Every structure is written in structure tokens, then in C-alpha cells.
Amino acid sequence: MPKRTDINTILIIGAGPIIIGQACEFDYSGAQAVKALREEGYKVILVNSNPATIMTDPDMADVTYIEPIQWQTLEKIIEKERPDAILPTMGGQTALNCALALSKNGVLKKYGVELIGATEDAIDKAEDRGRFKDAMTKIGLNTPKSFICHSFEEAWQAQEQVGFPTLIRPSFTMGGSGGGIAYNRDEFQAICERGFEASPTHELLIEQSVLGWKEYEMEVVRDKADNCIIVCSIENFDPMGVHTGDSITVAPAQTLTDKEYQIMRNASLAVLREIGVDTGGSNVQFAINPANGEMIVIEMNPRVSRSSALASKATGFPIAKVAAKLAVGYTLNELRNDITGGLIPTSFEPTIDYVVTKVPRFAFEKFPQADDRLTTQMKSVGEVMAMGRTFQESLQKALRGLEIGICGFNLRSESPETIRRELANPGPNRILYVADAFGAGFSLEEVHHYSKIDPWFLIQIQDLVQEEMALEKRAFTELDYAELRRLKRKGFSDKRIAQLIKVSESDVRAKRYALNLHPVYKRVDTCAGEFKADTAYLYSTYEDECEAKPTTRQKVMILGGGPNRIGQGIEFDYCCVHAALALREAGFETIMVNCNPETVSTDFDTSDRLYFEPLTLEDVLEIIYKEQPWGVIVHYGGQTPLKLAHALEQNGVNIIGTSADSIDAAEDRARFQKILTDLGLKQPNNRTARNAEEAVKLAEEVGYPLVVRPSYVLGGRAMQIVYNVDELNNYMQEAVSVSNDSPILLDHFLKNAIEVDVDCICDSEQVLIGGIMQHVEQAGIHSGDSACSLPAYSLTNEVQGEIRRQTSAMAFALGVKGLMNVQFAVQNETIYVLEVNPRASRTVPFVSKATGNPLAKIAALVMAGKSLAEQNATTEIIPPYFSVKEAVFPFIKFPGVDTTLSPEMRSTGEVMGTGQSFAEAYYKAQLGAGERIPSTGKVFLSIADEDKPQIIRVAQYLQAEGYGLCATIGTAQYLRENGVGVQIINKVREGRPNIVDSIKNNEIAMIINTVNNLPESIKEAQEIRRNALKLHIPTYTTLAAAEAISEAVRHINKYDVNALQQLHLSSALANQITR
């Protein structure tokens, strides 16, 4: 059946900002869908609020809107663009919920728009817990005993029926948001409160516990002719009770019998048919009782998902691309398999002859107050995937790819009590405790009893632990070719072997090279070698035949960023993708190395050759040994590849672009200070301390308050502002573990300074200023957590001119060749240099979208030898409109965590708003970030004494827009003295009713709360913010943010939507750019 010709224009809804439960896998799927539909001649309109995505590049879709993903904004776009259809299955839960809201509010009917890929009824049937349960009963599939509830009374009645422990699952949420497992009445009440709030339909499923059952997933694709295929089966290493996004998962399923697999396969197809998913991909989750084999259906997602991105990367089958084409009428047998060069149709089920393991990455170090126990609400921020011929090999490769300081199991001496507790109550490191248990002499039965992990997996880990313990007793000289090869086949890294045998990693590598023992590379081909693979999608293993077949072309290798984490996320992958595309266009063969299954960089057609490998020195050197690239780029993947720069250079690798020595000159405090002194540039007063005693002494010289941090970190890891010697001593005790024997840096903290970010490109002869961004939050808030505006909204032209001059001077002095980011602080018109990073920064995608200048692409060509002049890229573009980037935080996933901002980065993603004024752009950025900004109601003000003079104007603006004001007594008296009418409200410690009572009673619409450094003020402010977070009340904790929102509220419901291509055209005309 050919594609549909009755529709011409299709709108795709993206997933919005990166949040826990919905990450960059939707950029991967959305980008595939856009390309697939344009390939078929459809006009594609894309809506997404996330500027760090490849899918929002102006040359991806025909028309691109970087706008808030809410139905009111979508209606404005639909009215303007008049699409024939909407594809809502590529943007996760956000897109599905938005599509349903468009339908519910009559927008689809009003403009005659149809949903393709999944009908409204199919979405509702899959997402509505009650309807889904009824559908499963109808087709004879069991589900856990459960009840749909819309009130606390119903919830308690249901709980009595199912007993404890009780699972609570809200409807229409992602990543298990709002859900959890309750073991007692207090926990049940708390989780239900959270769940009702999280569910847009105020609906919960109260479900019997199936904790300890084995969990499986099936990735299914179906077309309109009822052809169905299973792309991949996935088994969760962790049993039921841990969200699948937080579980280690393995593909294909390892412990199913063939009979069980066929039953599950047939059930999956029956689920899709009953729900009504007739074009596209879905994910169906099952649980099996290990005691008797009983199988139940847990849930299904009628869209591409996190698991489908994993299945696509695991098999090479492009689920999103195929699903997009099925949505416009094709059938599976009409589409061809790209990996095999079109030799076979996509109706052939993929077959894999290797094992894929995904391990999640967590960020609890950023949220010390958070509960780190894993439940049905997802908490991981990223993941790593590895392939090997066995589970053992792929697991060990995945563990070293996590970049958490381990290169294998790294056994620890934990107490038996700790081990039992960690096995029974899973946390982020449970797999390491499994190994610790075997190392401590626990039996297989004991470990299974406490963890409920399938014995087959435990046997594999027990064997690896026994290998480690035996290796510790061996002499290095005893390791011959056969023994070393046997260990490598089980996934042991050179570094881990070296640690166990007490030699250096380079000793092991030298011995391996002397024995001519190298990995071979196998191709991911979807067909287990039955047909020739046309694409070079490769993984390493220790076997005989190598399928890499390297070419003799001039090659550039790009090292990716590894797993997402706070401080290093999709922005760096964006840069890697642009480097690959630009260099390929310039005639180079591009080689991508990465291990993150969520990303566009690990799509098999982004680069010429893809190596899905951990980003360790050993793994990278082996690929270089095989491929012999002309140059390697380490500047685009964040701190991960940068840490390898010196070692790669020492091994004779040609690092193109800025040299490792220049990177070190920017990071090394003494060297960098000398450069600034020579240039006559200012830095905040600072010193470097190597121990606690020295820090205390030097702090007196610098003067409090201080910004303290370890050297060589990304994302402000362990960065803090300290106000006195006691706080400094506390910091020194806690921060030593993250300092890597590097010194602690002490900088004088510049109060009330404006922070400024600059991205630029230097080619040794000229400097292109990419953009000057003014932060909304003052210096002292991590740049990744602050909102910022391009162009600057209050800096004078003189200050901006001087910033440009200083940026250029530093780029030349450091010998930068490629991208560079500088952070300045401006205090009373005086400019201070905070730090310089001669690499890609997390603001590069935002600057590129805001200006239309593709910085990552231009810089990649500079690194390969093409000057800025040759690219006609020497003119800074200053747009005639404002773009605001706003950070998005995961606080809702971590009840109890304080939401105040600090020098340590805690945001997971970002959004962008555009407007003719800063206020309009800021308002749209707040909407995009999910803030529910009220148009009326009462604003609560509690302001630190030093901030009170500036709050008067904020209060006046808010009052002029019709808001009521209430404040604590000190703030209220100050405002009244300055002519602002305000109601007085009690602080928490001043009696009842107080501000927290008012918050809980829904009497407060917005909160502006700045805090002094007194312990009682900090504690009270935390309670205010914690309660506000529960009820989604917008809260602003800095004066600058308060000023911005007081201006932004004028634009409530009065904003325009702007196509990115039109914005860039207006920018080019304003700047007379002809390129």
C-alpha cells in the first residue's frame, strides 16, 4: 500500500526539555521521523521547546517552532500553519498528553487536523489505567489485581483489597512520576497525595504488589495490514519494584524458555491489536512469577519510548523511522532495511548474535537530601549501553563506560549488614553490592534470597568475582596469551587486570601488544550475519574474525560524551553530531565513538563509521590502532574525552584543534593567572590550597565570602559559596573525596555581579564572537542553572565591546583553534574573568539557535584546517529579537530536596523562549520549563534585608498587573514605608496561620523568597520552597529572577509564536549576512 496522498503537511510534537524519565532518546526518534517524512515529500512542521536538540536545527524540518509544548501554544501554531495531521508518538508522554489536550479542547476538530501514528482512542486506552485493564481482561491476559481511584476515600478502599506492600501508579505520567511503593499507611497517604497531583486526570491505579517477579519488555512494530514484528525482547536484571529506566536491562532476554518467549510474543501482538495501535512502534511490559511461571501484563506505551531507542541501537533497526513511514500508510514489507543496504524488507524480525547490556547512571551526589532507594518512580539521569558476545563481556564494558570511577566490579569491604540491606532495598549501586556479597563469601542462594535477582545473572557475576579473586594471587609473568585472551573475552579491562595484579595499566597494554592480542570488531547487522551489512556499526570483542574493514580515506574520529549526567548532557552530543555532519560534508570519513544509546550521535547514519564502545583510554586506543585516523576531536564531548587528551597525545595520537597543553593552560590556575596578568585582565582575588590548614590561612587573604571548588570539574561538582571559616572547614572535609588530588580553588565571591557567558571560535588568525549571553541570576549561581538572554538585556555597549576585546585576547593567548567559552562577572562596570574553557560548552546549541550561526559546524571545519575567512564566518550576528534559555530541574522527583540554586549545577535540561522583548522571551521560557504562571492571585514576598531596596519596583509591577501582595513583617513594613500596600503574614516560627498554611490552602499564587545566611532563615525558606514545589507554585529565589518575572507577567496569554527560519532570516537581514 503506497503512502497517503490526502495529507501534505504533518506537525510533529517534540518532547521538550530533558527531564528524568524523558531524555534525549526523543531527539533521536524525532530527528529520524522528521527525516523520514521529508524523504517522502511531506511538509514537516516541528514544535519543540528544547534548543539543544538536533531535531530543532533549522535545516531539519520545513518549519521549526522552538515554543512551549502546551495545547494553547500549539493552537496558535496550528492556526498559522494549518497542518493536515499531527504525529504525536515521537515526543514521549509530553507529546501524547498535548495531543489529547488539543483534542479535548476542540482544537483538532476546529481546524480539521487528524492524529496519525496513534489515534486518540488508542492513546487513551493505553494510558488510562482502567480502560487498559478492561482491554487486557477482554483478550484473556492477566493484570495485577488493581483498582482505579479518583479520591483518597477510593484509594484507601482499594488498599484494603490489595494489602501491603501497595503499588501506586498515576495515569498519564512519564518515568513513573508521582508513583511509588508503600509499605505502611503513612507512605501510602504521602505517595497518593503526590500521585493525584502528578496525574493530569487526577487518577491513580492502586495495585497489588508483584515485587520480586521477573520483568520483561517487548518492542513491537505493527502496520495497517496487521503485519507485526518483535524488534527486540528486553529482560530487566532487577526484578519488579525498580522502574525499568533505573534497572539494568539486557537484550535479548536471557532467562526465558522458547515456549515462554512465544507466549509473550503472541501476547504482545494481541495487546497492540486490542489497544488499536495499527501503525508504529509500541513497548509492552510483562512480569513473570518465578515461582510458578504466571505471566501478567504491566503496561504498554503506544509510542516510541526510552526502550525503543535502546532496542533500535541494540539491533540496528530504526524503529522511529519505520514508525513514521507506517503512520503515513506504508506497510512493513514495502520498506527496506537500511543496515543491509535494502537487501531485506523491514518485515524481517531482527536477529542478534550478541548480548546488549544497559546500565543507568544516577546523580544522587547532586541531591544529598534525596532518598536514593530505587522504586517505581524513575530517578536515573542517563545510561550507558555496551555490546559483547556474552553477558559478562557486555556488563563489564558497560560498567567501565559509566564513568563513576570503576573499571569493573572493584570489590569493597562492606559489612554483611550493609550488603544485606543494599541487596534487599536497591539503591544506585546494587550490582556492586552483589559482587561485594560474593567477595564476602555469601552463597548464591543468600544473594538470590535478598535481591530476588534471577540466579542465572548471579552465577555470571559470581564467576567474575571468582576470576578477580584468583587474579589477585597471580604473578604478572604468569599471564600468557591464552590466559589474557580468556580474561578479555569475559570483559576484563587492562586497567582492572592491572589493579588486581598490581602493575600499571600501560604494563598490561604493552604485554598485550607484545603478544599481538587485540580485539576484533563485529558489525551490528540486524540479521546475525545472514546478509551482508552495508553500514559500519561496530562493537569490540575478542574473537578471530574482524569485520571492521577500515578504509584508506582521510579520517577524523570524534569522541562523544558517554552517558548523560547533570553537567554533561545533550548539548555536547549536539556538538558531536554537528562535527560529524560538517566533516563528512568536507570530504573526511567520520568515525564516532560513544556508548550512549539515547543520542543522535549513536544513530548509525550520523557518521560514516560508528563504534559503540566505552570512552576509556584502552577502548579508544584500540579503535585508533584499527582505523589509523588523521585526527581526533576531544573538545566536543564535554569532560569525558578531554580527560583522555594528554594520554592520547602521549600515545602519538594527533589531536586536532586546540592542543592538550592549551586546555591545561586554561585549567591550571597558576598558568592561567600568568596569561591574564600578561594581558592586563582582572580576576576575582584568588588562591590555591592543597590542604585544609592552607585553605583557612589563604581564605583570610582572599576575604569572605568565597567560592570554593576543586580543580578540573564540570557542572560545578562540589562547588560552594562559604561565608566563614566554619563553613570552609566543613567543605574541606566533604570535598576532598572529589578533588582527585587536585588543589582546592578559593575565589573571592563577587556579590551583586552580573554573570556573562561568551561563546567564540578562533582559527589562530581571527575570532568570531558567537554570542554574548547575560545571565538572569547573579554570579554565584552555576551558569548551567541560570536563565540567560541573548542579546544581553541590560549591559552597556561599552561593557559588551570590552568583553569582545578580552575574549579575543584570551583566545589568541591560549592558542585556541576551535570553540572557546568564557565566563565573566561584571560588577559596577568592572569586568572580571571567572573562567575560560577552550572547548565546546553547553550553550553552543542555544547560541546557534538564537543567532542562526552553526557554531559547532564552523568550529569543526576550523579544527580541520578551514579558516573562518574561507567559511565567510567572521561576522558576529546580533539578532533583532531576544532569546532566553531557562534551566529545567528534577526537584519534583526528589521530595525533600531544597530547590534553592547554588554554584553546583543541578538542572537536567533547558528550554528556549523567543520574543520581541526580553520580558516576552523570558515569559515563554518559563512556560516552556513547565511553570504554571498565574494571571491573578496573591504573591508572597519574603526578602533578605540587603535585597529590600530592589524589591520595591518588583512589588509595584506586580501590583500594577492586578496581583495581591502579602509578606513577612520585615518585608511588609519596608514596602509600606515605600508606598506599597501589602498584607502581613506570619513566618513559620511566628505562630499560626503562617505562610506554609497559606501555601497548603492554595491561597498563594507565586513566591519570591530571597534568604540571608542565618540558619533559622535558611531552614524556614527550605520549608516554604518544599511545600511550594509540591503544589507547583512558581518560586523565585533570586532578586534578578523576581525582576524578570515581574516584567514577564505582562505577556500572559499575549505572546506570538515565531518560526525559527523566519527569525534567522530577520537576523541575517539585520546583520546583512549573505552567507
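Using the three backbone atoms N, Cα and C, a Cβ is placed for every residue, glycine included.
The ATP 2 site recorded in Swiss-Prot includes His748, Leu750, Glu755, Gly780, Ile781, His782, Ser783, Gln823, Glu835, and the single candidate from Arg671, Arg690, Arg709 that the record places there is Arg709. His782 (ATP 2 binding site) carries neither a helix nor a strand DSSP state and counts as coil.
Closest in space to Arg129 (ATP 1 binding site), of the binding-site residues given as Glu299, His782, Gln823, Glu835, Asn837, is Glu299, taking the CA atom of each residue. Within 10 Å of the C-beta of Gln208 (ATP 1 binding site) we count 18 further C-beta atoms, all protein chains included.
Annotation for Asn301 (Mn(2+) 2 binding site): spatial neighbours Ala126, Ser282, Asn283, Ser307, criterion Cβ-Cβ under 8 Å with sequence separation of six or more. Cα-Cα distances to Glu299 (Mg(2+) 1 binding site) place Gln285 within 10 Å, out of the binding-site residues Gln208, Glu215, Gln285, Gly780, Gln823, Asn837.
Comparing Asn837 (Mg(2+) 4 binding site) with Gly780 (ATP 2 binding site), their Cα atoms are 18 Å apart once rounded. Within the set of binding-site residues (Val242, Leu750), the lowest number of other Cβ atoms found within 10 Å of a Cβ is recorded at Leu750. Long-range Cβ neighbours of Gln823 (ATP 2 binding site) (same chain, at least 6 residues apart, Cβ-Cβ under 8 Å): Glu755, Val756, Asp757, Val758, Ser783, Val833, Leu834, Glu835, Val836. Compared over the binding-site residues Glu215, Glu299, Glu835, the count of CB atoms lying within 10 A of a residue's CB peaks at Glu215.
Within the set of binding-site residues Arg709, Leu750, Gly780, His782, the entry lying nearest in space to Glu215 (ATP 1 binding site) is His782 (CA atoms).
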